[in-house]
Structures are given as structure tokens and as C-alpha cells.
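These features come from TrEMBL:
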ACT_SITE  GLU117  active site, proton donor
ACT_SITE  ASP267  active site
ACT_SITE  GLU395  active site, proton donor
ACT_SITE  GLU436  active site
BINDING   THR523  Ca(2+) binding site
DISULFID  CYS338-CYS381  disulfide bond
Amino acid sequence: MWKVHPWEVLEPFNGFWLNILGCAQKFRGFCIRQKKVKEAFKHAWSGYQNYAMGYDELMPLSRRGIDGLGGLGATVVDSLDTAIIMGADDVVSEASKWIEDNLMKKISEKGQVNLFETTIRVLGGLLSAYHLSGGDQAGGGDSGIPVTPNKTNTDRILEISKDLADRLLVAFTSSPTAIPFSDVVLRDRSAHAAPDGLSSTSEATTLQMEFSYLSRISGDSKYDMETMKVLEHMRKLPTVEGLVPIYINPHSGQFSGENIRLGSRGDSYYEYLLKVWVQHEHYRNTSLKYLFEMYTEAMRGVKHLLVQKTTPNGLVFVGELPHGRNGAFSPKMDHLVCFLPGTLALGATKGITKKKAAESNLLTNEDIENLQLAEDLAKTCVQMYFVTSTGLAPEIAYFHTEGNPEGGPDGGNRSSQYISDITIKPLDRHNLLRPETVESLFVLYRITEDPKYREWGWQIFQAFEKYTKVDSGGYTSLDDVTSLPPPRRDKMETFFLGETLKYLYLLFGESNILPLDKYVFNTEAHPLPVIRSSIQVSNTV
């Protein structure tokens, strides 16, 4: 039974507190939770602004900034649309001014950046802010978010987006195949492969949403055309029941090795098969139908080859095949895999509620099966948090199965029913403030309307507040979630502001804000509108 909070039973006092807090009259406790998340966001921003403004990331314990993502002020750009969504107008003004005054110059002067990280964080953040600030008049109006005039110069944002994208495009145009190089030197517009010559499959295939939307708002088809060549190439490659190795060679266009997993280097390939298809509503049943077919085949492969249950308590998890189909199964699951419950739910209902989809006879048996798997996996992801002493998940967990009786230390929470199902190895105990679990809780709450997802999210948020908040500003990653007090790592990732706190805020909000049948979140949580008509472009080069 869930806890009953005082504000949910003291009805005579609600009117007073609602006026003080500025909450809607349909208040059920979640408005206060949203406000707590907004306060956390502003605390994170204050630390960054005070000690690291213009750097990529904050080291909150050292009270200084570092450039670990190419030096483009990644936290500023990653945070802007979160601030817009939350109505944090002071942050919107501060972030927008920095971007308008500094980012173009940084882009022209900086050296090597990673194509994937720069696309999803910086380009994606710019494009989402452009849309939510009213720049895309033809594609806007459905977000449910008030547009605050004059906070963001949308013409300048679009100008910067195009300049950055033009420099990133060289990763595609200089490659001998449809697979882009992984690294770009921004100042001289050159690109090259990683030192080992390989690209991560997920990184090469998680670029299309951003570039397609830029084609839509700029009228220039080159962005969409170059990036979609990657997915058109991928459909021709051999798979293992829709599953693919985590490395691909941009020189040959072929996969390298046999390692199959939905964690690092594999995850967002599967996510974007679905999301690019959802984004392009006009082409879902025509030229892009193949993407949903690839996604469907891959999810069948996941269920057949990667999904198992733990002993003794039957948690459902997704393992790995490090040596391919004919190799041994590994009961290892990265926290990154916790994106999958949300993706499965989105794929089942296409963003509308389960109730509405059922009433309209839109759910197939496979959709219902995938929704159940999504709920089962979300439970497992949450238990990765709840089995630890801190209530925060490790980066990686191993699961006990009959065929793989994993030995090793547990999470430390002796009151957890599932403590004997999960092993957390010493090198895997860190927590980077990752968003994947709360992302899936947000999507599952929107689709199932089950309040347990909000309760789970609130427990996770409270653990972040208790163990990762830094008094002087910001939040910090942890070295060991199984120890009390947990040793701190001294880094606040950009995605804590760009993703984790955004999804938590939306989890406690109304479902008409960024509805999932009208918006698709890129893999860095930047919402982009569903494109409901053919893209009118000029075919300029």
C-alpha cells in the first residue's frame, strides 16, 4: 500500500496551499512533487552557473567546470528546453543569452567532438528549444507549454543549429560508406574514424530525428537525406533475428564482431528504429514502413534470445550475447537497458493511452505482450534501485538464473525481497545520475495511467536528493551505491538536467503537456514534434 501524504488528506487546507504554491485545483499531491523537482533543477543549475558556466560539465565538489564533450557548453544547451518546460524563466534567459552570445564562436573554434554526443545533446537541445520557444509556427501549438516571448531568439538558434549541423555533416559525406565517421573536427570541417577504426552501432544510427527535423524547419533536404542513408543501409545488413552487433566499420559498411546487447553501444539503435518511424507520421505506411518492421523483428529477437527470469523471485531482465547467437548467454544488464520499457510501451500504443488504444481496437496480441514485457522490465529496473543501501541503481547489475548462478556481493538493502536475485560487482557500483529508468516510468505512466509509476519515480527522486545533492550547488555522481554514506565521484553529467529531472518533472505533471502521440523525445530527452505532413524542402546542397 502506498503512503498517504498529509497534503492528500487535509482537504480543508488544500485551497490555501494551492494558492501559495500556484498549483492547479485538481491537485492530488503531485503538484508539490513537480515543484520539488523544479527546485532540484534550479539547484543543479545554480551550481553550474556559479562554478562552471560555459564549460561542458560541473564538478560540484571541486566547484569548477570541465570540458569533456568538446567544449560547447553542453550543460547550457542540454538544460534549456528543460527550463522552458518547467517555466524556469530566469534559467531560460541565462541559458539563451549564453547560447546566443557564445556558442557560434565556440563551434567555429573548437576541435574534435563526437558526432553522436554533439548531435543528441547540442543539436537536439537547440532544435527542441527552437520549437518550444515558438520558432516552428507550422509545427507548434500542441505542446501545452506557454510560449514566453522574447526569452529566446529563435532566428539565432536556427542559425547556430544550421552552422553546427553543416560541420557535423562532414562525418557522413567524407565516409566511403553510408556509415558516418565517429569524430568531427569542427573548426576545419573534417572527420575521421575512432582510433580502432570502428563506429558504435548505436551512435551511427541515432542521428536521424535531429537532422530530419532540421530539414523540416530549414527547408534544406540535405540534413535528412544524408542521415537517412544510414538506416537505409542498415536494412540491407544481416541480423540475428533483428538483433545486431554493437560495432560497425565505416570503411566497409559491415558489422564488426558478434557482441549483441541492448546496453552501451547498442541501445539507441533499437530506440530510433521506432522513434524515427513515429516522428514521420506522413510516411509511416509508405517509405518508412521498413523501420517499424525492423523494430518489430528486433523486439521478437529480444524476447526469444535475450529475455530471461531470475531465481528465486522471477524478475524479468534482458541479458547479453557477448559472442553472438552461438555463444554463452550473459545475465548482465546495464542501467542503459532501462530505456526499453518506455520504448516497448510507445511501440505498442504509438503514444496514446492503453485504455484508448484498447477501446479503439488498436492493440494486437503482440502489442499487449510487449506492454506486459515493458511493465515487467520496468519493475526490474526499479528493483535495481531498491535493492541497494542508497536506493539508487548501479551502472550494471548481474542477475541470478538457474543456468547462471551469479555469485558476488548484493546491493546491501536487507529488507528488499529481491536482494538475492541481483549481484552488483565492485567495479559496477557507481551511479551517474542516469535517466533511463525514470524515462520509462514517465512513458509507462502516460500510457497505462497506473499511479505506481509515479510512486516509484518519487522514491528515486528522494534518493537523489538525499545522497547526491551538494549544498553549494549541483548534484554529484556516486562511486558506490551499496555503501553508506556513499563515496562521491565529483561530476554532474549534463543529462541530469537535460533528461533525469525533465522526465521526473513530466512524470508528476498533466498528460496534455508534450503528449506522446504528438511529440517524440530524442535519446537525450529533447522533445521534437511529430511531422504530420511531407517535408517541404528545397533540395539545396
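Along the chain as shown, residues are numbered 1 onward.
From the backbone N, Cα and C atoms, a Cβ is placed for every residue, glycine too.
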When the Cα of CYS338 (disulfide bond) is compared with the Cα of each of the active-site residues GLU117, GLU395, GLU436, which one is closest?
GLU436
DSSP on GLU117 (active site, proton donor), three-state: which is it?
helix
Candidates GLU395, GLU436, THR523, namely the recorded positions, that fall within 10 Å of CYS381 (disulfide bond) by Cα distance:
GLU436
Other CB atoms within 10 A, centred on GLU436 (active site):
24
Structural state of GLU436 (active site), classified by DSSP into three states:
helix
For the residue listed as 'Ca(2+) binding site', write down the residues of its own chain that are at least 6 apart in sequence and whose Cβ falls under 8 Å from its Cβ; none is a fine answer.
ILE120, THR206, SER268, GLU271, TYR272, PHE339
Mind giving me a neighbour count for ASP267 (active site)? Other Cβ atoms within 10 Å of its Cβ, every protein chain shown.
25
Considering Cα atoms only, can you say which of GLU117, GLU395, GLU436 is the nearest neighbour of ASP267 (active site) among these active-site residues?
GLU436
Using the alpha carbons only, what distance in Å do you get between GLU436 (active site) and GLU117 (active site, proton donor) once rounded?
16
Any same-chain residues 6+ apart from GLU117 (active site, proton donor) with CB under 8 Å of its CB? Would you list them in sequence order, or say none?
LEU69, GLY70, ALA74
If you run the three-state DSSP split on THR523 (Ca(2+) binding site), which class comes out?
coil
